[in-house]
Every structure is written in structure tokens, then in C-alpha cells.
Ligand code: NAD
């Protein structure tokens, strides 16, 4: 499956893993797009934009509460665990579009959350932020400053946290291997990370059961799931 990098693994010191919703699909968390994706039944513009939030904060909060309950119950799958295990063999940075925290639960130590986290909330006006430890008795919850609290996630049309994004671009530029798992690569700017890596002649591997916008740019495409294929990649490092 990963034969083409077999002779290279000894020289791979820095790995960047770019992940999307697909890596968590086998943990029971639905993706947005692709087969059985959430956007087949929900309208993104009514749930994941700042305008939607101000139009109907109760609806948006209810949707996030349901997703959070599902995410809290989820466990890392062999794909997340294999990425964590790769740290035994190289410096590994995970640049994730996911908001579910499963890479951290699996043991990955450097995880950059490009799109925020579903377990965090922030004020829609002031600088207040906190981690959610229990459910709210009323939605939308209200900040001490009197304004509405919102999930600390990046919605469509919003900028990524700039410190996180700057660091992600640098890591993408400096790695020896980039593994891209479970992302449709349609959401910008996260979908530009493989381009930064390619500019520095990094080997690019895509793991995705379906074709993506950038499949033709990859050095290797594995048409399989993360949980099926990533443990095999780790065993290649083990053997060397
Ligand atoms: P996406 O939904 O656009 O695409 C998912 C991709 O994963 C598809 O290309 C699909 O073919 C692939 N896939 C499905 N099952 C897979 C598997 N088992 N193994 C490997 N690949 C598989 O996801 P995206 O590109 O991450 O979209 C971006 C947005 O979705 C992000 O902003 C992210 O915050 C949000 N999102 C996150 C979660 C999560 O945190 N788990 C869940 C849903 C959506």
C-alpha cells in the first residue's frame, strides 16, 4: 500500500498530518460531505455561519449541543492511534480541521486545531473564553458581559486563528512527508496546506476512499479509510 515510500522512511524526520472529518468517521462522527455527510440533510448556511447564529442562536446551539454529545461519547479509532504512534519515529504535527479533540485523546502531542474546538466556547463580543464542563440549562448561554456565548469554532466566512494558521503554514513548508487523511480539501485556507508542502518538494500521501480536488497532485493516493491504512504506514516505520 505504501511501497513507494519504503526506501525513504529512514530519512523522514518531520511529518505533517492534515486531517479532516473523514478520520473521525470510523469513530461514529459523521462527515460534512461525501457519502452519508451531514450537509446532505442540513443546510450549512443555517447552522455554521455568523449570520445564522444571530438569526437563530437557539437552533445553532441545539445543533452544536447534539454534535457535542456525540463527540463526547466517541473514542479514537486505529487511524487516530496510528498517527499518535508515529511520534515514536519522527517529529509529528497534526494540523486538523476537526473540532472533536480525538487526536489529543489518542495521544498526539502537537495538534493545531485550525477550526477551533467544540468543547470550547467564547463570547460573541468580549474576550471571554472557557471550556465546557457541563451542559447549559438555558440556550443560548449568556456571558458575564451580557452578550451571547458561542461555540469556539470557525464558521464559514470567518478567519482562522492567525497564530495557529501561521504556525501551520511554516510546518507545512518544512516537513519531509505530508499525510492528508479524510478531508475533501474544499475548505479554504486549510486546503492550501498541501500546496505549501508541494512547493518544498515534500512527498504527499492522500488517504481517502473518494477522489478529492487535489488527488492528481499527490505522490501516492490510498483509496481506503484512515483506520484501515494508517496502522500499515506505522508498521513501515517500525521495520526500519
Ligand atoms: P468533509 O466532510 O468535507 O470531507 C470528508 C472527507 O472524508 C471526504 O472526502 C470523504 O471521502 C472522506 N472520508 C469519509 N470517510 C473516511 C474514512 N473513514 N477515512 C478517510 N477518509 C474518509 O470534511 P473536511 O474536509 O474536514 O471539511 C471541512 C469541515 O468539516 C471542517 O471545517 C470541520 O470542522 C468540519 N467537520 C468536523 C468534524 C469533526 O470534528 N469530526 C465532523 C464534521 C465536519
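Numbering starts at 1 and runs along the chain as it is shown here.
Cβ coordinates come from backbone N, Cα and C, glycine included.
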* **Matching residue for the NAD(+) site, where TrEMBL names 97, 98, 99, 100, 182, 183, 184, 208, 209, 210 - out of 157, 226** => 226
* Taking each of the binding-site residues 182, 209, 226 in turn and counting other Cβ atoms within 10 Å of its Cβ, which one has the fewest? -> 209
* **In sequence order, those binding-site residues of 67, 97, 126, 184 whose CB lies under 6 Å from ligand 1** => 97, 184
* Count of other CB atoms lying within 10 Å of the CB belonging to residue 123 (Zn(2+) binding site) -> 20
* Asked: Which of the binding-site residues 67, 97, 182, 184 has its Cα nearest to the Cα of residue 143 (Zn(2+) binding site)?
  -> 67
